[in-house]
Amino acid sequence: MDFKMPGKVYSAAMSPIATTHMLIATGSADVQVRLCDIASGAFTHTLSGHHDGIMSLEWSTSSEWILMSGGCDGAIRFWDIRRAGCFLILDQLRSQLGRRPPIIDSTTDNHQKNLGRSSSSKSYSVQQRTGNHKKQSKGLRKSLTMVRGHTQQKVHPGMSSSQNRKTAHYGAVTGLRTTTDGMHLLSSGSDSRLRLWDIDSGCNTLVNFEAMRLQTSKPLQLAVTDDPSLVFIPCMSSIKAYNTWSGTTFQTFRGHYDHVNCCYYNSQDQELYTGSNDRQILVWSPSTPALTEMEDDDKRQEGFAADEDNWSD
């Protein structure tokens with residue numbers, strides 16, 4: 001199949017969990033995300049909202065209808081492809097520390113119980129003092145409700161220009177990767193920043209990933225372990241593995257002779273595959289343990305003999 005795109009293609013993605021559609025999401029230098037149907041060979045959806053080209057795309061790992069896009073305008077948008085317009089734009093200034101906080105029980109019941117403990121005379125006196133303002137309070141509540149409802153509708157990401165200009169990075173969003181549990185999203189930007197987002201709340205978790213240097217003109221493919229305890233990100237000619245929750249550098253992989261563009265983690269074999277501009281694909285695997293002192297000398301001698309060559313003096 002041949003899909004003609006309006007501009008340079010930066011990224012393409014397919015849902016890893018989809019069972020009811022066969023769509024390929026494509027991002028290009030155009031400001032629209034286009035969905036191509038493999039079954040029909042035609043474009044089925046066009047998602048508009050970015051102010052510049054779309055450099056990175058990622059499907060949700062918890063819903064086959066949710067698509068995330070990262071643009072050259074620094075915005076990360078969430079789309080439900082069954083509906084028009086994006087329903088969420090991530091804002092780097094809206095944050096929460098660390099992982100998702102525990103659910104806080106509502107204090108409404110406790111507040112009502114405390115009010116119920118007050119004496120009848122005290123309650124009566126309060127009612128007397130506030131009786132003159134009941135009508136005004138009701139009217140005020142109604143007006144506030146109307147204002148709040150109007151405000152919520154007005155600041156919807158698809159309608160408000162101020163919300164529409166929210167940014168996740170100070171520069172292009174070069175990479176997106178969701179965790180396998182679908183709870184968090186990792187994003188990289190041309191500002192050489194890696195950010196961890198809570199998908200449910202849409203907040204920046206403020207994990208401070210240690211200094212890195214990223215390519216600015218190309219999309220990057222990130223990789224995450226299933227835990228997800230580690231995230232792998234191409235950093236120029238090397239690959240860095242970061243602790244997802246603390247942001248500290250776990251290890252740096254060096255072996256390529258040019259800029260690394262992509263990496264993929266194979267959870268079954270615990271191997272990391274990386275591709276670079278040097279036209280090489282390297283396979284990284286956990287190192288095998290060296291011979292221990294408890295092993296027999298015969299096994300050591302066999303190993304040494306196997307390493308010998310047949311070159312003559």
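Every residue, even glycine, has its Cβ placed from backbone N, Cα and C.
Curation does not apply to TrEMBL; its annotations are automatic.
Values in this document were obtained by computation on a predicted structure and should not be read as measured data.
According to TrEMBL, the compositional bias 'Polar residues' annotation covers 105-117.
Among the features that TrEMBL reports, compositional bias 'Basic residues' is placed at 131-141.
Under the heading region 'Disordered', TrEMBL lists 100-142 (among others).
The region 'Disordered' annotation in TrEMBL covers 287-313 (among others).
On the 0 to 100 pLDDT scale, the repeat 'WD' (47-82) averages 94 in this prediction. Annotated repeat 'WD' per TrEMBL: 47-82 (among others), in sequence order.
The annotation repeat 'WD' is assigned in TrEMBL to 166-207 (among others).
Cβ atoms under 8 Å from those of the repeat 'WD' (253-294) belong to residues 215, 218-226, 232-241, 300, 303 of the same chain, restricted to positions at least 6 beyond its ends. Residues or ranges marked as repeat 'WD' by TrEMBL: 253-294 (among others).
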